[in-house]
Amino acid sequence: MNKVVLLCRPGFEKECAAEITDKAGRQEIFGFARVKENAGYVIYECYQAEDGDKLIRELPFSSLIFARQWFVVGELLQHLPPEDRITPIVGMLQGVVEKGGELRVEVADTNESKELLKFCRKFTVPLRAALRDAGVLANYETPKRPVVHVFFIAPGCCYTGYSYSNNNSPFYMGIPRLKFPADAPSRSTLKLEEAFHVFIPADEWDERLANGMWAVDLGACPGGWTYQLVKRNMWVYSVDNGPMAQSLMDTGQVTWLREDGFKFRPTRNNISWMVCDMVEKPAKVAALMAQWLVNGWCRETIFNLKLPMKKRYEEVSHNLAYIQAQLDEHGINAQIQARQLYHDREEVTVHVRRIWAAVGGRRDER
């Protein structure tokens, strides 16, 4: 199995392909990407037969920006007979996966695939039963075993394969299912909520998104991102010349500062979170974020980088490399992750977490 399917946002196939070609090459796994415009997925075909499995084992999925999900697959199954689609699929997976922990029958996230998605949901139940009988799936769902993927690209036409549950997206089609809160001031609130789900392990939420923390929201108006922080009972400085939603101000948890987010300097030294979703050139935002991190003004940050029309992967890579270089220059250890989230459009969301030193007394430990 030498092919890896990567699901992505439709229209960003070239960026996804450029990224996987670059990062697979750094792992000395060579191949080429098959790209179809607006398909919502990319296929990376490795030159060596076993390299597909090697790639999804060795390259951290968390290091990918434009892929929502990935899995290794075999050859395309075509012309599945409508009266029995199950037998050929089971045949393709036998000997490839044994006692898988979960089945996901998926499609690309395109308008054309919506009808196909309805079929996939109905088809999952009988297929799961057949795969369990064949030993491809375990008799119960478990996160400790590989995930079995059946990926339909057209009616009667699918790829079959698997991903490793410790190195994939835990979400179906790589998309967290979030509901827009009726009392949120703007739909942008879902970007930050999704970022929390993608970047912060669920078992660390109570510690890292704790009650009573102090946070700053740069470019906050009307308060979509502030809403998420308030919902987690944080105290928030919302920085923007534009007005904040009255519903947020009424909570008593928000201090509205009518200032430019680029000029604001915090007066507290116990700020846990800084978030930022400003419409500005990505290099300018990256420089501001680096300044906050280098000065120890916050412990963690989530921010958006708006993408240019061309060379998007190169631009994001350059911005992330700049932040990393600034941190390295000042001897600061940090973890950087970036992802084009489902709720992002022409942008990517970045999470940076400073890793505290064991030696006390430094400003960045306050």
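The backbone N, Cα and C atoms fix where each Cβ goes, and this holds for glycine too.
For K306, the entry in Swiss-Prot reads active site, proton acceptor, with the evidence type sequence analysis. Taken from Swiss-Prot, the feature S-adenosyl-L-methionine binding site applies to S188, C221, P222, G223, G224, D240, D260, D277, supported by sequence analysis.
DSSP assigns G224 (S-adenosyl-L-methionine binding site) to a helix. Once the Cα atoms of S188, C221, P222, G223, G224, D240, D260, D277, the listed binders of S-adenosyl-L-methionine, are compared pairwise, the greatest separation found is 20 Å. Taking Cβ-Cβ distances under 8 Å and a sequence separation of 6 or more, the neighbours of G223 (S-adenosyl-L-methionine binding site) in its chain are P185, S186, D217, S238, M244, A245, L248, V254. With respect to Cβ neighbours within 10 Å, the binding-site residues P222, G224 differ, and P222 shows the lowest count. Taking the C-alpha positions, the distance from C221 (S-adenosyl-L-methionine binding site) to the residue listed as 'active site, proton acceptor' comes to 17 Å. Across the fold, the C-alpha of S188 (S-adenosyl-L-methionine binding site) and the C-alpha of K306 (active site, proton acceptor) stand 14 Å from each other. Residue environment of C221 (S-adenosyl-L-methionine binding site) contains 19 other Cβ atoms, counted within 10 Å of its Cβ in all protein chains. Secondary structure from DSSP puts S188 (S-adenosyl-L-methionine binding site) in coil.
For the residue listed as 'active site, proton acceptor', the nearest of the binding-site residues by C-alpha distance turns out to be D277; the candidates were P222, G224, D240, D260, D277.
Residue density at D260 (S-adenosyl-L-methionine binding site): 13 other Cβ atoms are found within 10 A of its Cβ, drawing on all protein chains shown. D240 (S-adenosyl-L-methionine binding site) carries neither a helix nor a strand DSSP state and counts as coil.
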